[in-house]
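Trainee: Quick one: structure below, then a few questions.
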Amino acid sequence: MFGLALSVAASDADTNTVQADEQLNSFLSRKFQKVLNPGGYEENFRRAVQFHDSRRFGFADGSEDLRQTTASGGFRSDSPSLGDTQAVLRLLQDVLLPTKTGPQLVSLARELTSTQGSQRSVADFETCAADVSTMMTARSNNTEWAVRMFDAWGKPGAGLIQSNLMFLGEYDQCLHTDVQGAGFDPQYCYQGVGLTKIGGTTLKVPFGFLLGTCVPSSCTADEVSALITIYLASQPNITGAAGQGQCIDPNPPLSDKAKAVIVVCSVFAALMLAASLYDILVAHRYWRVLFSPRARTDTMWLGDSGYDYCATRDGGDDQAHSLYEPLLNAKISQPEFEPNAAERALLCFSVYTNGAKVLSTSTGPGSIDCIHGIRFLSMSWVVLGHCFISGVQLTDHLQGYLEEAYKRWTFQAIMNALVSVDTFFALSGLLVTYLVMKELSKKPPSGTFFFNFYFHRFWRLTPPYMLVMMVNITLLHYMGDGPLWPQKSFEPDECRNNWWSNLLYINNLHNFGGGMCMGWSWYLANDMQFYIISPAIFLIMHYYGWFGVVLPFLLTVGSAIAAGVLSAKYDLQSNFDLLRPADGDYFNVYYVKPYCRIGPYLVGMITGYILYRTECKVYMSKMAVLVGWAFAWAVGLAVVYGLFENTNGHPLSTDVAALYNAMNRIAWGAAVCWVIFACATGYGGFINTLLSWKAFVPLSRLTYCTYLVHLLVIEYYFSSLRKQFYMDNTDVVVAFLGILVLSMMVAFAASMAFEAPFMGLEKLIVQGVKAVTRRVSSGRTGTSDQYRKF
C-alpha cells in the first residue's frame, strides 16, 4: 500500500516507467547530496511534527513531546554515521513500485495485532486491511474512484533541499471521491514517517517527512501508521517507522461542552440583538421615525442619540457625553425615557451604543494621545511576528527562504519582534502610575480605593479573557477542516488540568500540567502580577516624592541582574532563531517570568510619575531634546537591529548574550517612554502628530481583544490551508495585512459581546453599591427613587 500510494500514477512496470525511474534516480542523486548533509535539513521535519502535536504558534515548548514522538517511532538522532545517497535512491525506487498485495497486508495485520497489541480487535484491523486490498485491486483495474484516491496521496515534490518534507496530497479530492460498490468511504489521514537506516548505513539524522494518505474509512490513524511501518519492515536493509498520525473527520460530532458553549454564545447574541433593538426603538425613540409621518417629513426626531444609560447619574467625571453625531439633521433633546435597573442592564449589551463608544475618535481632556498610535502599531507588530513564526512552520522552502532573509538587515525587525510586548508593559506601568497619582492627589487612599483598584482590573480583563478561551478550547476546532486541521481542541487536553491557572493569572509561574493554556496568555499573567504589586511602588512615590523613585529604580536593577544570571546559567540565546530548534529554557526559564520582564513596566512607572509631577509641562533646551531623541533612536535601533551579526555566523558569547538579555527589554522600554514623554510635553513634533492621528483612537481601543483573538485567526488561517504556505515578501505582507484586518474585525465582535457589556455592568454595580452605602449611612430604611433607578 505504501509503495503504491507514493507512486505518481506510475505503478505499471513497463519500459517507459523503468526509464522514468532511471531519470528520476539521476535527478535525485544530485539533489539528495545536499539533503543528506548533516547540517540539519531533516530537523525541519521534527518541527512539522511538533506543529501537528502541540498545535501552538509562538513559543510554547513542545520539545519533550517531540522527543517522545521520535522515540516511539523508532527514530534515532544519535546514530554514529551518515547514510549514502544511493541508499536513499534505492529506497525511493522501491517505494515507487507496489510490492505487497491485499492478502499479504491482511496477513501482516494479523501478525502486528498479535505481536504488538492493538486497542482494536484483530477483526477490526482485518477490515481495514481488507478494504485497503479492495482499493489496491480496484487501482490495478484502473477503476476511477481508486485512481482518484491514490492520486490524492502525498508524493515527494520539488524543493526537497529547501526542506519541503510535508507531502500533504489532495485533501479535497480524497474526500470528494465517490467510492462505488466498495462498502467504505474515503478519508484523509497523515502520518509522520522516519527512516533511520538505509542499506547498511545508519543515518546520523533521521530522514523524516509528513505523508498525506487517502484510505478507507474503516482504518484508524494508528492502523494506517502500522501498515506503513509493516511495509517498511518488510523491505530489506531499511529501518524506519510511521510515527503519530491523524485521520481527519471534516464533520465531527459536537461534544457536550461545545453544545453548552454554543448556548452561552447564543444567549450573548440574543442579548445584543434585544438590547440594540430596545436601544434604538425605545430608549432613543427611533420608533417615531418609523411610524410618525410628521417625523419622517419634518425633522426626523431621534432623541438624544448620544445618551449612555449605563453611565452614572451622579454627574462628575463619569458623566456621559454625546458619542456620535445626530442622524439626518435630527434634533437633540434630553430623552424622556428613564430606564429602570433591569432595562439599564439590558442596554449595556446594545451594539448601537457600545459600537459608537468604541468607534468614536474623541478622547478625554488631559489624555496622552500619542499612546493610541503606539498601542495600535505595537499590536500590529505582535500580529506580524506571530504570522511569520506560524507561516515558517508550514512553508515548503524554509531553509532557502530563511538563509536569504537572514542576510537582510531589515529582517531583524521580525527576528526581534519579541520586544513589541515590552512596549505594552511600559505603557501599562506609565498609565497606572500617571492616572492613580492624579487620583491620589484629590483624596487619600482608602479601603474603597483599593477595592475599586483591583476589582476594576479583574472585571475589565477577565470576562473577555475567559469567554474567548472558552470558545478557543471548545468550538474553534469545529469551525474548519483541512489536511492540517486538528481533530481535537487546539489546546492540549482542552486545558482540562490548567485552565484555573489562567483564571488566577499565575499560568506563567509554573507548568500546571499539560503546558500553558493559550500560550500567548503569559503576557496577561505578567501584566496582572505587575498591576497587583504596583500599589507598593506608587504609594511610596506618593508619600516620599522623588525619593520614592529610588525603589522602582532598584527593582529595575534587580530584574536586570536576575535576567542576566538566568541567561548565563542556562546559556540562553540572545534572540529567537528560526533555524534552530526552539529553546525550552528560553521560554520557560526566562521569557515568561515576571522577575525577568518587569523592567519595562518599572521604567514606565518612573516616567508616569515624572509626567504627573511636571503636569506634562517641561522646558528643555534644543540640545536636550536632540540628545533625548538621539538616545531613543540609537537604543531602539540597537535593540532591534543590533544582532545582525549574531544571526549571520558570529554568535554572541554566553556572557555577552546574558548582558543583552539583561538589558535589551529595559532599554527598549526606556526608548518608548522617551517618545511618550517628548510627545506629552510638546517636543514630539511630526512623530506626535502621526501617533496622535484620530484614526488610531478606535483601533487602540480594540488592542486588548485583538491580542486575545489574533492567534485564533492565525490558527484558523494556517490550519485551513490545503497546501504548504509559500513564503516570500509579498505573500507574507498580504497574509499579515489580511490577518490583521480580520483580527480587528473579530476583536470588534468580541468587544461588543464580551468586553463592552461588562464595562457597562461594572458601572451599574458600582452605582448600586454607592446607592446602598449612602442609604445605609443616612439611616433610611425605605427604598429611595435613586436606588430604584440605579
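Quick reminder: no glycine exception, Cβ is built from N, Cα and C everywhere.
TrEMBL entries are annotated by machine, without manual review.
The annotation domain 'Nose resistant-to-fluoxetine protein N-terminal' is assigned in TrEMBL to 125-249. Residues annotated as transmembrane segment in TrEMBL: 260-281, 414-437, 458-479, 499-523, 544-570, 590-612, 624-644, 666-690, 702-720, 732-754.
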Trainee: Do at least three CB pairs under 8 A connect the transmembrane segment (458-479) and the transmembrane segment (732-754), leaving out pairs fewer than 6 apart in sequence?
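Mentor: Yes, the transmembrane segment (732-754) contacts the transmembrane segment (458-479).
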Trainee: Are there at least 3 C-beta pairs under 8 angstroms linking the transmembrane segment (458-479) and the transmembrane segment (666-690), leaving out pairs fewer than 6 apart in sequence?
Mentor: no
Trainee: What are the DSSP helix/strand/coil residue counts across the domain 'Nose resistant-to-fluoxetine protein N-terminal' (125-249)?
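Mentor: So the counts come to 45 helix, 42 strand, 38 coil.
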Trainee: Would you kindly list the residues that approach the transmembrane segment (458-479) from elsewhere in its chain, counting only those six or more residues past its ends and only Cβ-Cβ distances under 8 Å?
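Mentor: Same-chain contacts beyond the flanks: 252, 254-255, 257-258, 260-262, 264-265, 485-491, 494-495, 499, 502-503, 517-518, 521, 524, 528, 704-705, 708-709, 712, 715-716, 750-751, 753-755, 758-759, 762.
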Trainee: Residues sitting near the transmembrane segment (544-570): Cβ under 8 Å, six or more positions beyond its termini, same chain?
Mentor: 537, 585-586, 589-590, 593, 595-599, 602-603, 605-606, 609, 613, 654-655, 657-659, 661-663, 665-666
